[in-house]
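Worksheet for the structure shown next.
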Amino acid sequence: MRILYLASLLFLITLYLSPTFGWGGGRDCESHRSEYTCKSDRSCAYLPFVSCCGKKEFFCVNRDHRNCCDDLSCAKNTRTGEIFEIWSSCKPHRDFVPYHSPNTTTCESLGCEARGMECEWVESSPCYGTSCCPRIPRCVGHHGGGHKCDRMRCPEGFYCEEQGGSACCVPHHDGCGNIQCPWGHYCVNEHGKCRCVPHRPPPRPPVDQCRNQHCPHGYSCRVIKGCATCVRDARPPHNLCRGFGCPEGSHCEVLEKHPVCVRNHVPPHPPPPPQICGSVNCGPGYICTIINGHPTCIRGDGYLCNQTRCPHDYQCETISTNIVKCSPKNDECKWHRCPPGSSCFNSRNGPHCLANNVFPQLCKVTQCPTDFSCKMIRGNPTCIKARPPVPPPHCSTCAELSSACNHVGMICIQVPSNCTNTRFPCCPSHPICIHPSTTAASTIATTASTVATTTSATTAGTTTGGTTTGGSTSDSSAASSADSSAASSSPSSSAASSAASSEPSSSAASSSAPSSASSSAPSSASSSAPSSSASSSAASSAASSESSESSSATS
């Protein structure tokens, strides 16, 4: 009796565990030929699995004691040769054997660089749609072609090296034999010098395109020709659709008792992932932000505050790129309203209103950034960026003064103006006449820096004077200043000026050239670039021949 009891118990245990162990032992759920009969059997599960080429197929498998939990593995159909990705612990057994991915090697283990070759990721055969069929590495020659040293056999103590596009044998103590390049680089010898150059990065492994795709009810995602496509779940076709052919990219459906071809649903491709600022290293005072999908370095809010020094118990706040405000740390005046002409002041007795004319001038203890000026606004010292001076409606150029300069043997140049008072219009530069010199570049630079302030003040006096005599005097003083600067830098000019000072002045020259120069040279200046016409040999000869006339005009 006891033996019969033990035999019955062993038989029950075998029936319970038979779906889990063995390949086809126990109850064979794979004998079911339809989805209905499989789902009607409680010991069976109807599960879909995907092949490497994107084919989705349903299998009736035995349930196990783990309720078919996730257990990723690979299996190969011995009848068709297809490789399926099995995502469940309930696996098909009939005509299936376990399959191990061939991707057991890496680029590091192949050691392609040591052989002067590159590592390249190639597709598995026949497809690489799942994790069971990933890309595998292999060694290839440079740029995907054969290596020229593959067929070269060097004698002992030598090795093959590609130099100038040709394979040659070099001794081990020379060339790239002892060069150890970092990972991702290989050694090349160019003109007798060795250097490490980077390899092409391997292509990224394939991504499961169906992972983030959502198909309508009754459809499942499949990768067809590299595109994620929603295909109707596998089920017996309708009787009317049997033998009804549809073109590629569509399938048969029965609508109002008639078979029709319906286009397969293709979900829209998601937008590419945005570039992030994690790998961007901006300089100090700059932050990274995404502009038009690209990481861009812009000035951070703290850049201006780093250059601002606020009063005690005040903190800096960047309002815009042109305004920086210093506000109290304990801003109790935030909700305190004051009448016009007064501002809130937070003292020891609390916030109260003070007239603006008696309000503490905190700008005296506030340091603003460069090109910013402090102004009290609503009781807070505020740094405001100074606006550039407004140019006048017309600025003179050398095109207007060159004829007058040439008449007295001089050339015209543009010099910067002294626009310190931004409340009035000011031209950034203005034309003046100087003596030509063989060292024109240094003379122009020296003259421009010397007469910038003097000329701007002189032209202002000419404008206010409004007479021909005043304009003539100002032009003469500008010319004298230019002569003295040119004389200090040019020996020939010094000799010319000393010779001119010993001769008597000519009233005829004094009454013609300077007056015409003053009438054609307005006080304002031009923002155009300085004249490109430098001194020439003709101008130099004219200057030496008319030195007495220019000296008379100057006096």
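Using N, Cα and C of the backbone, Cβ positions are placed for all residues, glycine too.
A quick note: this is a predicted structure, and the numbers were derived from the prediction, not measured.
Under the heading compositional bias 'Low complexity', Swiss-Prot lists 470-555.
Among the features that Swiss-Prot reports, domain 'DSCP-N' is placed at 27-144.
Summarising the annotation, Swiss-Prot assigns domain 'Follistatin-like 1' to 148-170.
What Swiss-Prot records for 175-197 is domain 'Follistatin-like 2'.
Per Swiss-Prot, the feature domain 'Follistatin-like 3' maps to 209-231.
For 240-262, the entry in Swiss-Prot reads domain 'Follistatin-like 4'. In terms of DSSP secondary structure, the domain 'Follistatin-like 4' (240-262) contains 2 helix, 11 strand, 10 coil.
Taken from Swiss-Prot, the feature domain 'Follistatin-like 5' applies to 276-298.
Mapped onto DSSP classes, the domain 'Follistatin-like 6' (304-327) shows 3 helix, 11 strand, 10 coil. The domain 'Follistatin-like 6' annotation in Swiss-Prot covers 304-327.
Outside the domain 'Follistatin-like 7' (332-354) by six or more residues, the chain places 360, 376, 378-379 with a CB less than 8 A from a CB of the stretch. Sequence annotations record features per position, and here Swiss-Prot assigns domain 'Follistatin-like 7' to 332-354.
Sequence annotations record features per position, and here Swiss-Prot assigns domain 'Follistatin-like 8' to 362-384. The helix, strand and coil residue counts that DSSP assigns across the domain 'Follistatin-like 8' (362-384) are 4 helix, 12 strand, 7 coil.
The N-linked glycosylation site annotation in Swiss-Prot covers N103 (among others) and rests on sequence analysis.
What Swiss-Prot records for N306 (among others) is N-linked glycosylation site.
The N-linked glycosylation site feature in Swiss-Prot is assigned to N418 (among others).
Here Swiss-Prot flags 454-555 as region 'Disordered'.
Taken from Swiss-Prot, the feature signal peptide applies to 1-22, supported by sequence analysis.
Taking the C-alpha positions, the distance from N418 (N-linked glycosylation site) to N306 (N-linked glycosylation site) comes to 30 Å.
Under 8 Å from some Cβ of the domain 'Follistatin-like 8' (362-384) lie the Cβ atoms of residues 304, 307-312, 314, 322-328, 333, 343-345, 354, 356, all in the same chain and six or more residues away from its ends. Here the domain 'Follistatin-like 7' (332-354) is broken down by DSSP into helix, strand and coil counts: 4 helix, 11 strand, 8 coil.
Averaged across the domain 'Follistatin-like 2' (175-197), the predicted model reaches a pLDDT of 66.
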